[in-house]
Amino acid sequence: MAIGVVKRNAGSSSDGTEDSDFSTDLEHTDSSESDGTSRRSARVTRSSARLSQSSQDSSPVRNLPSFGTEEPAYSTRRVTRSQQQPTPVTPKKYPLRQTRSSGSETEQVVDFSDRETKNTADHDESPPRTPTGNAPSSESDIDISSPNVSHDESIAKDMSLKDSGSDLSHRPKRRRFHESYNFNMKCPTPGCNSLGHLTGKHERHFSISGCPLYHNLSADECKVRAQSRDKQIEERMLSHRQDDNNRHATRHQAPTERQLRYKEKVAELRKKRNSGLSKEQKEKYMEHRQTYGNTREPLLENLTSEYDLDLFRRAQARASEDLEKLRLQGQITEGSNMIKTIAFGRYELDTWYHSPYPEEYARLGRLYMCEFCLKYMKSQTILRRHMAKCVWKHPPGDEIYRKGSISVFEVDGKKNKIYCQNLCLLAKLFLDHKTLYYDVEPFLFYVMTEADNTGCHLIGYFSKEKNSFLNYNVSCILTMPQYMRQGYGKMLIDFSYLLSKVEEKVGSPERPLSDLGLISYRSYWKEVLLRYLHNFQGKEISIKEISQETAVNPVDIVSTLQALQMLKYWKGKHLVLKRQDLIDEWIAKEAKRSNSNKTMDPSCLKWTPPKGT
C-alpha cells in the first residue's frame, strides 16, 4: 500500500507554506469548543487548497513502501503561539481513505491534533523539529517518533492489523479471571475429559464437585436429572401459587391438605428402605472401593431409601451450582492459600473454610498439629520431635466437670492466651462465621475432652464472654469433625445451659449461628420443651416459667413452639397445644438411648461463677 505525501522543505510547514503563516492560522486561545471546531474545519479547507495549489506547481511527491515490508518513518512537529507556554491538547481521530497498491480501499485511523500534524520524514534521520529547533526535552513533548521498545511493539501490532484489513476498534478485549479461568485447566479426576457437569447445565467442568465421573454418573445422566429437577421445581411453584392458604403465622399454622399428603408420601417412601445390604452388594461396593479408592465417590445405592438418596443428589447438584457461580465471579481461585488438611492426633481432617494462619503455614496445604497444646507445625518430622518432648496431656486451666472419661476444662483467655488463640484458629477451619482469632482475653473457653491412656483428647469447646451485656451464654461452639453425630454437640449445649442455671440467668447463643449449630440448637430446644410438657400436669402454662426453669430465652421458646406448630391464637388468647404424638415420638427415642452416657450430670459439676473478671 502506497501513500502519497508532499515533500516538506526546510523551514516550511507540511502544506508548503511558511511557519509564520501557518502558526497564525493555528492561533486560538480562550475560545469556546464550537469556535475551535469551526476553525479546525477552516484550517483543513485552507490546507487542502494549499495542497492542491502546491500539487499544481509540480511539487515533488514521494511514495512510501508498503506497510508489510518496511515501517514508515514519522516525524512530528509542534507549533504553538508562545514557545514558553505550550498547551497540550488531546488528539482527535479522523478516518482517512488510503489506497492499496492492488486498488482496494480500506479505512485507517490516524491521530491528528489541533496543534500537531503528522508527516512522513525524508530519507535523513535527523531528530524531529520543534519551535526552538531542538529535539523535545520532556516526556510531554515526545510523540510517536520517540524510539522506545513498547512503542515499537505497539506499532508492529498495528501494522499487522492493517495488513489484515481489520479495524483497531475490533481488537478483542482482555479477559478477566472469571472469563478465562478455564483455559488450560482440566478436571483432577483420573480418566476424566472435563466434559459435562453434575448440574447438567454446563458443557465442561474443572473441579471434583462438578465431575460426573467422580459421582459415578455420565454427562447425559446429569442432563436427564437436571430436567427432572427443573420439572419438580415448576410443579412446586405452581402448587404454591394455587395454594392461597399457605401461610405460617401465629393465627394460622395448620398444615394444608397438600402438605399432609406429601408428608404421608414421604413416610411411605422411607418405609421401603432395605434392611441391609446383601453379600453380593457388599462385595460390589468393596471392589469399587479397592479399584478407585478416593478418586471416586462410594456407591450409595441401597444404603438408604430412594427418597433420601434423591434428596442427597439434589443437594449435591445445588451445592455444585453455587460453587460454579462463585468460581465464575472470581471468588474461588485455583491455588489459593488455604489449608486443605490437618494432621490432628491419629486423624487426618479435611478443612472446610479458610483460617488466618501465618502465610508460611497457610500456603503449605497440609498442617501438622499437636492435639494437646494445639501448636501447629510444618512437617511430620517437626511434629514427631515436638511430641517427644511435649509435656501437655490435657488442656490448661481448671477441670470443672468429670464423669467417666468425659471432662470439661475452664480456660481463661487472659491466662492462657496462646492456647486460646490456637484453639480459635483451629475452630475457624470448620466455622464460617467465626471472627474471633487473637483477641481472646475477654472470653472464657470450656473445652470438652475424652480421656484414655495417652491423654485427654479434644472433643469440642464453646466460649463465652466474661461479662456479656445481652446474657449470651455461648459466643462460639464447635464439635470436632471426628466426634460429630455422636451426641457431643448436644452435651456442649446442655453444659452451657447448666452453667446458666448455676448463675441463675437466662441464656441464649450469640448470633449468627452456623448451619450445623442452628440444627443442633433447634434439636436441643425441642427436646427441652417436650420433656417439660411431658412432666407438666397443670392447665395453664407460662412462657416465663418455662424460661426460668430451663434457662432458655423466651424468644427461643416461642420460635421452637411455632416450628412444632404448638402455638395457636384462639379467641384473643395464645394457646400452647400439647401434641401427644410428638411427645410419644420423643419418649420412644429416649428409650432407645437410655443406656447412653451422652448426658450431662449436674452433680458432677464442681464450679462457682467467676466474680470480677
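Including glycine, each Cβ sits where the backbone N, Cα and C put it.
Now, the feature entries from Swiss-Prot:
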- 1-175: region 'Disordered' (REGION)
- Ser12: phosphoserine (MOD_RES)
- 44-59: compositional bias 'Low complexity' (COMPBIAS)
- Ser52: phosphoserine (MOD_RES)
- Ser55: phosphoserine (MOD_RES)
- Ser59: phosphoserine (MOD_RES)
- Ser66: phosphoserine (MOD_RES)
- Thr87: phosphothreonine (MOD_RES)
- Thr90: phosphothreonine (MOD_RES)
- 98-107: compositional bias 'Polar residues' (COMPBIAS)
- Ser104: phosphoserine (MOD_RES)
- Thr106: phosphothreonine (MOD_RES)
- 112-127: compositional bias 'Basic and acidic residues' (COMPBIAS)
- Ser113: phosphoserine (MOD_RES)
- Ser126: phosphoserine (MOD_RES)
- Thr130: phosphothreonine (MOD_RES)
- 136-147: compositional bias 'Low complexity' (COMPBIAS)
- 150-170: compositional bias 'Basic and acidic residues' (COMPBIAS)
- Ser160: phosphoserine (MOD_RES)
- Ser164: phosphoserine (MOD_RES)
- Ser166: phosphoserine (MOD_RES)
- 178-221: zinc finger (ZN_FING)
- Ser180: phosphoserine (MOD_RES)
- 334-609: domain 'MYST-type HAT' (DOMAIN)
- Lys340: ubiquitin cross-link (CROSSLNK)
- 367-392: zinc finger (ZN_FING)
- Ile477, Leu478, Thr479, Arg485, Gln486, Gly487, Tyr488, Gly489, Lys490, Ser514, Ser523: acetyl-CoA binding site (BINDING)
- Glu510: active site, proton donor/acceptor (ACT_SITE)
> Which of Lys340, Lys490 (the recorded positions) has the most other Cβ atoms within 10 Å?
Replying inline: Lys490
> Given that the record lists Ile477, Leu478, Thr479, Arg485, Gln486, Gly487, Tyr488, Gly489, Lys490, Ser514, Ser523 as binding acetyl-CoA, what is the largest C-alpha to C-alpha distance among them, in Å?
Replying inline: 18
> Could you tell me the C-alpha distance between Ile477 (acetyl-CoA binding site) and the residue listed as 'active site, proton donor/acceptor' in angstrom, no decimals?
Replying inline: 10
> In Å, rounded, how far does the Cα of Gln486 (acetyl-CoA binding site) sit from the Cα of the residue listed as 'active site, proton donor/acceptor'?
Replying inline: 24
> If you measure Tyr488 (acetyl-CoA binding site) to the residue listed as 'active site, proton donor/acceptor' at Cα, how many Å is it?
Replying inline: 19
> Between Lys340 (ubiquitin cross-link) and the residue listed as 'active site, proton donor/acceptor', what is the CA-CA distance rounded to a whole number of Å?
Replying inline: 28
> Here the recorded positions are Ile477, Thr479, Tyr488, Glu510, Ser523; which one has the lowest number of other Cβ atoms no more than 10 Å from its Cβ?
Replying inline: Ser523
> Which residue counts does DSSP yield for the zinc finger (178-221) in the helix, strand and coil classes, in that order?
Replying inline: 9 helix, 2 strand, 33 coil
>> Just to verify a number: CA distance, Lys490 (acetyl-CoA binding site) to Glu510 (active site, proton donor/acceptor), in angstrom, no decimals.
In response: 16
> Roughly how many Å separate the Cα of Thr479 (acetyl-CoA binding site) from that of Glu510 (active site, proton donor/acceptor), to the nearest whole number?
Replying inline: 17
>> Test of understanding: give the count of other CB atoms lying within 10 angstroms of the CB of Gln486 (acetyl-CoA binding site).
In response: 13
> Mean pLDDT for the zinc finger (367-392), as a whole number?
Replying inline: 95
> What three-state class does DSSP give Tyr488 (acetyl-CoA binding site)?
Replying inline: helix
>> Give me the CA-CA distance between Glu510 (active site, proton donor/acceptor) and Ser523 (acetyl-CoA binding site), in Å, as a whole number.
In response: 17
> Which three-state DSSP class does Thr479 (acetyl-CoA binding site) fall into?
Replying inline: strand
>> DSSP-wise, what's the residue breakdown of the zinc finger (367-392) into helix, strand and coil?
In response: 10 helix, 5 strand, 11 coil
